[in-house]
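As given in Swiss-Prot:
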{"type": "BINDING", "residues": "T64, D138, E198, K228, D232", "note": "substrate binding site"}
{"type": "BINDING", "residues": "199-201, N233, 262-267, E285, N320, 341-343, N386", "note": "NAD(+) binding site"}
Amino acid sequence: MVISNSIKTSVPHFVISDISLSDFGRKEIKIAETEMPGLMALRDKYQSEKPLKGAKIAGSLHMTIQTAVLIETLVDLGAQVKWASCNIFSTQDHAAAAIADRGIPVFAKKGETLDEYWQYTHYILDWGSDSPNMILDDGGDATGLLILGSKAEKDLSVLDNPSNEEETALFSSIKSKLQVDGSFYSRIKSNIIGVTEETTTGVARLYQLQKQKSLPFPAINVNDSVTKSKFDNLYGCRESLVDSIKRATDVMIAGKVALVIGFGDVGKGSAQSLRGLGAIVKVAEVDPICALQAAMEGYSVVRLEDVVEDIDIFVTATGNYQVITKENLVKMKNEAIVCNIGHFDNEIDVASLKNYPWENIKPQVDHITLPSGNKIILLAEGRLVNLGCATGHPSFVMSNSFTNQVLAQIELFNKSEQYAKEVYVLPKHLDEMVARLHLDKIGAKLTKLTKEQADYINVSVEGPYKSELYRY
């Protein structure tokens, strides 16, 4: 059951699965708040100041319980918010219901179609006679929609040749919008002060735009805050990957041979999680530095094509395109589990499997029969497995990430004149502040430098303690 509640614009006030889930969602939000000390500290610090008063934020990020705490923090700090999920499978319907019940516009339900996904992304950008002035993005879809739509206003032929199902839905949604408002995208784009981007893939898009000198507004790269990438990407994946695989399949991980493709922070956490439950873990990498790191951690570094027939569990974590191809898929052993923990769904060539028999076992779990007669288990249709088949990262680690997001929104909204159309990272002292806000919760006690010690290493007693070049 999908419920929408219309207001006096062409955009409904919310689109969710079931408003009756709001009480359940509220109970889980209350629990999550106790595990998100960073966000709660920002509420206390800025409650009276309201540094986001006047901010109109279009949010495109997984609509989970943890995100609900983020949304309500933004609102408590003065912002107006409209929200959609950045993945068709990642919404927790009770979280969306709780946000809708509070009167915050939200457009998200688990299991959206691609057409619905792009419609909802349009909804967060459409404020009627008003306009959003900030974007909070995860993967760059909201930002990318404005940029592509603006191009289509001038030359509709950019929408002529979609290369996949996703682009077909995206291009169709832009054409439909242009039929009723031919200047929608450029008008909204001109009102955007800036964007804060959550994830590796979205940040890569922003840097590409910067390189092409086509970034339309300033951007803060939240992903590369140390307290995001070295915590969310690493420790979050270390817990949520195996959670999702076990919820989806009930498989015994101990003794299985697993291949993690990509050994960045996400891959490192994924490999640790599988090894922690007794899997024999191998790693595939293109980067010699990451490959050497994997080898020094005791993982076998292999080529996919050399081991594909021997692997029980495949995990892609690269942010790249078709790292598991049709040629790899058809060689897989019977009952091999195939999943992705990178942001987009194109790391695995799922489209090539469409011609083979599919049997849906349960939501986001499919049995696919290969020409060899072997069956593989595909999770979340190749999309983010930890949010498609489970509930994503734990609240505590997401508090790190989302505290960075709130600080980035405050910084960009209040100091826009200091930022050019480039990509920035938050300064080191804010990164350290985020870490400080989370220490008490886990009983950690900081040692304090003496003045003499601080002078000896040429830092302030209060920090920052490391140079911008330090890699942690």
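Cβ atoms are placed via backbone N, Cα and C, with glycine included.
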Handout entry: Distant-in-sequence Cβ neighbours of V266 (NAD(+) binding site), under 8 Å, six or more positions away
Key = T200, N233, L234, C237, A317, I341, G342
Exercise for the section: Note down the number of other Cβ atoms within 10 Å of the Cβ of I341 (NAD(+) binding site), including every protein chain shown. Expected result: 29
Exercise for the section: By CA-CA distance, flag whichever of T64, D138, K228, D232 among the binding-site residues is nearest to T199 (NAD(+) binding site). Expected result: D138
Handout entry: Distant-in-sequence Cβ neighbours of D138 (substrate binding site), under 8 Å, six or more positions away
Key = S60, L61, H62, C86, E197, E198, T199, G202, H343
Problem - G262 (NAD(+) binding site) and K228 (substrate binding site), Cα-Cα, nearest whole angstrom - result: 18
Problem - Cβ-based isolation winner (fewest other Cβ atoms within 10 Å) among the binding-site residues K228, H343 - result: H343
Problem - Intrachain C-beta neighbours of D232 (substrate binding site), sequence separation six or more, cut-off 8 angstroms - result: H393, V397, M398, N400, S401
Practice task
State which of the following binding-site residues has the fewest other Cβ atoms within 10 Å around its Cβ: G262, G264.
Solution key: G264
Practice task
Around the Cβ of T201 (NAD(+) binding site), how many other Cβ atoms lie within 10 Å? Please give the count over every shown protein chain.
Solution key: 18
Completion exercise
Expressed in Å to no decimal places, the gap between the Cα atoms of G262 (NAD(+) binding site) and T64 (substrate binding site) is 26
Completion exercise
Among T64, D138, E198, K228, D232, the record's substrate-binding residues, the widest C-alpha separation in angstrom comes to 17
